[in-house]
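First up is the structure itself, then whatever we jot down about it.
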Amino acid sequence: MAYKYRIEVTDVTLRDGMHAVRHQFSVEDARAIASALDSTGVALIEAAHGDGLGGSSVQYGFSKETEADYLQAVCGAVQNAQVVALLLPGIGTVEDLKRAVEYGIRGVRVATHSTEADISAQHIEEGRKLGLDVVGFLMMSHMTDVERLVEEAKKMASYGAHAVYIVDSAGAMLMDEVRRKVSALRNALPDDVQVGFHAHNNLGVSVANSIAAVEEGAYRIDASLGGLGAGAGNTPLEVFVAACEKYGIDTGVSLYPAMDAAEDVVRPRMHRPIITDRTALTLGYAGVYSSFLLHAQRAAEQFSVDVRDVLVELGNRRVVGGQEDMIVDVAYEIAHRQA
Amino acid sequence: MTKLTAAIVGSGNIGTDLMVKLQRSEWIEPRWMIGIDPESDGLRRAKNAGLEVSAEGLAAMLKAGVHPDIVFDATSAKAHVRHAKLLREAGIQAVDLTPAARGPYVIAAVNLQEHLESPNVNMVTCGGQATVPIVYAVSRVVGVSYAEIVATIASKSAGPGTRANIDEFTETTSRAIETIGKARRGKAIIILNPAEPPILMRDTIYCLMDDASEETRHKVLASIREMVSHVQTYVPGYRLNREPIFRDNLVSVSIEVEGLGDYLPVYAGNLDIMTAAAVKFAEEYAKHRAAVNQ
């Protein structure tokens, strides 16, 4: 059949998926997943800690293995796909990026909160100097209006980003909002700057949102095997590919190998099923950063409070990605208010 | 007792806030403000406050024969490298509020007395001034194998300098956690939060302790409380958000810094703690010089 659209898929199983396994994949796990992914035809594979380079910490959880070990294993396991890393300025640094390039990465995705693009200038410019494929990643895009998102995306493009993403970190967006925000970026950015979309499935619409994004001109779409990712997970790669086939979108990904990789390689390695349970659903409902999920469950247990109360309060306070320390503070406060 | 004279280089948020604080000092008289933009709010305020202002830069001022006792540099790391040389040659005490770090790090609550004879001192970062005292409060009781700090500040309180060079914040603060906080390994994270109304500066400090016995925890708790009171003597809005939480070998401390609202509103506690620390150093330096001269 003739395709209506052609896109490029970035797989985030080994990066966003790390949140769902508390950053505890072994080098062996990483190698097996990377190799299975490579055979599916995905263009890009993102790997290392869930919070990107330098993310291994008390705040976000320590990785089982070092960044060097993960990235070298993944780079060594792939033949077709390019390996990329995530970098959150304020957590990771240009020095971390330079080291990752030595380990073999070919691209970097520089992520900031959706109103703070100017903290990415240094890292985007350095990524270009290093000859990398560079993406700007506007996290928590649901919190920011269209005009501001356009402004911030233009900044990232001006620093040299090859592509800028609308990132629904909280899985809080529905199709209309995705359409408005993606099309606004597509219209505002130069033709040679691609637009991307990253979803979380907290409201059960990650595949629908991703297809809406493609229709509005997004060229890069993120997905993960079995949806492994923070919160209720990301857009499940195999589901997305099947839906795209039916819809006339050429993803460059082969369906059966993607199904097999999800079923045989990733699902047995999951710590918990990737489902929209009440906690994950509350993330999407309250507009809270998806990687807060496991941290919030732990804090709720520690202080004997309802995890949903904690998440809703975090949403009310407009907490942004990276503020995991606020989870314990809020749980502590709720517990003391109830006492 | 005559006050020491001071010049402030840099008329941005930090420089302007510093000026307001120095005007209250019994030891320092801010007499000059040097910027690059004659139209800047900082220079205008300085002029209204009776300071001599110039948009020509530090070199021109020194050439014109102006010789302050102390120069506060609130420009950029790059500019400070030049300024440091000029000030050293002129024999003027430099207090560096940029991340250039030509001189030793000074965390006002911890090691101020050690560097009163250093011709150039560096004030680290706002996150460093707020969190290193807590790391030190733990490490003076028990060995700390690893300390990590997370500084969350209001977007509005992060100026263009900080934003363009955020790595300098994390790298400089990490080093100060190790060299002054005495953790064997340090890590710093900074988060900008754009919420309206702006949030107060908030810092979480995690320390992995070599021992977490009941007795150690007790001492650590007392040491942290004592340190908070100490910092409050020069930053009144510095306080614990909640009681420190112990979990296995980890202690997690959460603090909040409310500014005095001298230049930027109270949410910019990050600015306040930096400028208050610089003033504190300068006043101790002035007292030290007065004692030596007697």
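Glycine too: its Cβ is placed from the backbone N, Cα and C atoms.
Going by TrEMBL, these are the annotated features:
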- B:5-118: domain 'Semialdehyde dehydrogenase NAD-binding' (DOMAIN)
- B:SER11, B:GLY12, B:ASN13, B:ILE14, B:SER157, B:ALA158, B:GLY159, B:PRO160, B:GLY161, B:THR162, B:ARG163, B:ALA164, B:ASN165, B:ASN270: NAD(+) binding site (BINDING)
- B:CYS126: active site, acyl-thioester intermediate (ACT_SITE)
Lowest local Cβ density among B:SER11, B:ASN13, B:SER157, B:ASN165, which the record lists as binding-site residues, within 10 Å: B:ASN165
Chain A contacts among the binding-site residues B:SER11, B:ARG163, B:ASN165 (Cβ under 8 Å): B:ARG163, B:ASN165
Per DSSP, three-state class assigned to B:SER11 (NAD(+) binding site): coil
Euclidean distance between Cα atoms of B:CYS126 (active site, acyl-thioester intermediate) and B:SER11 (NAD(+) binding site), Å: 18
Cα separation, B:CYS126 (active site, acyl-thioester intermediate) to B:ASN165 (NAD(+) binding site) (Å, whole number): 14
Euclidean distance between Cα atoms of B:CYS126 (active site, acyl-thioester intermediate) and B:GLY159 (NAD(+) binding site), Å: 12
Distance, the residue listed as 'active site, acyl-thioester intermediate' to B:ARG163 (NAD(+) binding site) (CA atoms, angstrom): 14
Largest tally of Cβ atoms lying within 10 Å of a Cβ, found at which of the binding-site residues B:GLY159, B:GLY161: B:GLY161
Whole-number mean of pLDDT values that fall within the domain 'Semialdehyde dehydrogenase NAD-binding' (B:5-118): 94
